[in-house]
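What follows is one structure encoded as structure tokens, with my remarks underneath.
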Amino acid sequence: MLLAAGARYARRLCGRGAAAALQGRTGRSCARDVSTSWSPVGAAFNVKPQSHLWNLLGERRGLFGVPELSTPEGFQVAQEEALKKTEWLVERACSTPPGPQTVLIFDELSDCLCRVADLADFVKIGHPDPAFREAAQEACRSIGTMVEKLNTNVELYQSLQRLLGDKKLMESLDAETRRVAELFMFDFEISGIHLDEEKRRRAVDLNVKILDLSNAFLMRTNFPNKIRKSLLPEHIQHHFARDGSHLIIDGLHAEASDDLVREAAYKIFLYPNADQLKCLEELLSSRDLLAKLVGYSTFSHRALQGTIAQTPETVMQFLEKLSEKLSERTRKDFKMMQGMKTKLNPQNSKLMPWDPPYYSGVIRAERYNIEPSLYCPFLSLGACMEGLNVLFNKLLGITLYAEQTFKGEVWCNDIRKLAVVHESEGLLGYIYCDFFQRANKPQQDCHFTIRGGRLKEDGSYQLPVVVLMLNLPHASRDFPTLLTPGMMENLFHEMGHAMHSMLGRTRYQHVTGTRCPTDFAEVPSILMEYFSNDYRVVSQFAKHYQTGQPLPKAMVSRLCESKKVCTAAEMQLQVFYAALDQIYHGQHPLKKSTTDILMETQEQFYGLPYVPDTAWQLRFSHLVGYGAKYYSYLMSRAVASMIWKECFLQDPFNRAAGERYRREMLAHGGGKEPMLMIQGMLQKCPSIDDFVDALVSDMNLDFETFFLDSK
């Protein structure tokens, strides 16, 4: 399946001028005149967007510089050109003798489809113009239809099979080419192309059914529930939107200070919906049928092939050991929260599932006096971008420059385009920063691959292009965009993904950048969170936007310590979700209903009681995009923690460690087995116990001592 590896992952310095950064630019890349279009990155983000003269009068380029996409109709042209080229490449693949050229042709075929599909995948949700969104949606459907045809093209499959079946020829290929060939074959076989015609037809039908069920389930996860006003006490009704004689419950209201509001929202929002329950059951059983049809014992076995964990047994071992190590800490967290609830609400002091987010926040605020608004003046967006610039420059020799955009290149006038430039290698790629709030914009922070990097036949390198989407407030006339500590951490997180895309400079776009196993893809982004919480890094950029005063060390220390409050209970909740995901995608038919399984798993892996007549699993949207892989965030965090402690804790600006990180981890994208990359970075092969210990030990870090030692 040629688009399988293209799945998106469902989170700053002026002075050292462009001349120094461009000194190493040679050959063709120097022909482009860059000196007049690059500017310091911090300044570009601390000013309100303007309709610049060059933007109004300059050459019209189309979205992302694609000439056809200056109008919505251009998507039709782009997809027709892609489909025409696809047919030609299929003929080439089928007529070329088996060898390395086979893999190159397959990768070009994948690139041809992904360049339209990935771009359209972003535009269909990110563009403010409905005409562009609809045209992009149609392009996605058109490319998807072509992919289905290729998935059932036996001649194309056999051309790859001839290569993989020749042991001597495979041994002559380099490791990356072998892996990419095997990944293409894996993508084919999970769609059932190796089966007889009847089973192949069943596999195609199941794939279509799973896609439809996934879309239906995902859509309903956010549907509000209604209840008659008369059924709720009058004094809490104003917390909910009204619809005539009904109240609309559209979420859990987890931060509401009134216990009764949280309880009502929890019980009503999570009340079972029969259609959604049936949809989930059909989705899980269809996934299981497809997995068995193509040769796997469970969907989880199929989904975990090629990951760090490799098998469901390893995942459950990881989750069980982590749960065991967390259990005592979690009990203490729950006891502390119950004490706070008793203090504030003596009449109803039992801790319930709707309580932890609120009471952990109360404890955090009381103990550390963390008021986000006190931090914001020190964290202007421009300052944070300069901080990233300093960090990337010291660690990797990379500088970010703001680059002018042409008319039609961006979808909103507040988009910033960054050129990512290495001190000796030159231009590495582009990051489009869609950072600011606007109507109908998706609320989740995301990283999108628009174009993957690859080595082209003429010897030049196709530069990667990505979009980072955040939801930050706009600058005003009086002050720039100011970030809360949480926003700043999210910015660093998403920039971790972007750097992975820029530095995962593989020969093949099928494995470029973040196109890697899910439990490895979050490692670079989570690692950036550790940098964002280190005072030595923060002190480089966190200065008051008016006075220039640095953010006091004590404030950073308090913030970091506050993040450890109730972290065991929060992580225990994630373990519960991950275990539930594994059980749902394990042996079928399921022994009990999904709700009974939820109740048992919650009792085993969480500790707070199941609430009768609720079905939280029907709101678990990650079952669609992260089916059997929800554990990935925990495992990625464990790996990132180990890398931080082993390589960057002593010196977060260590250039040798930064270069090793690039060489061993980022450079391979998905072109190398993830455990081999981790082993190369850590100089050892970590065990499940090592992963568990890394996560638990994070809760012990004495940041106060650490900051004092770093003077």
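Every residue, even glycine, has its Cβ placed from backbone N, Cα and C.
If you check Swiss-Prot, you get these features:
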type: TRANSIT; residues: 1-33; note: transit peptide
type: MOD_RES; residues: K124; note: N6-acetyllysine
type: BINDING; residues: H493, H497, H500; note: Zn(2+) binding site
type: ACT_SITE; residues: E494; note: active site
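When Cα-Cα distances from the residue listed as 'N6-acetyllysine' are compared across the recorded positions H493, E494, H500, the shortest belongs to E494. The binding-site residues listed here are H493, H497; among them, H497 has the most other Cβ atoms within 10 Å of its own Cβ. Of the recorded positions K124, H500, H500 has the largest number of other Cβ atoms within 10 Å of its own Cβ.
Distance noted between the C-alpha atoms of the residue listed as 'active site' and H500 (Zn(2+) binding site) is 10 Å. The Cβ of E494 (active site) has 24 other Cβ atoms within 10 Å, all protein chains considered.
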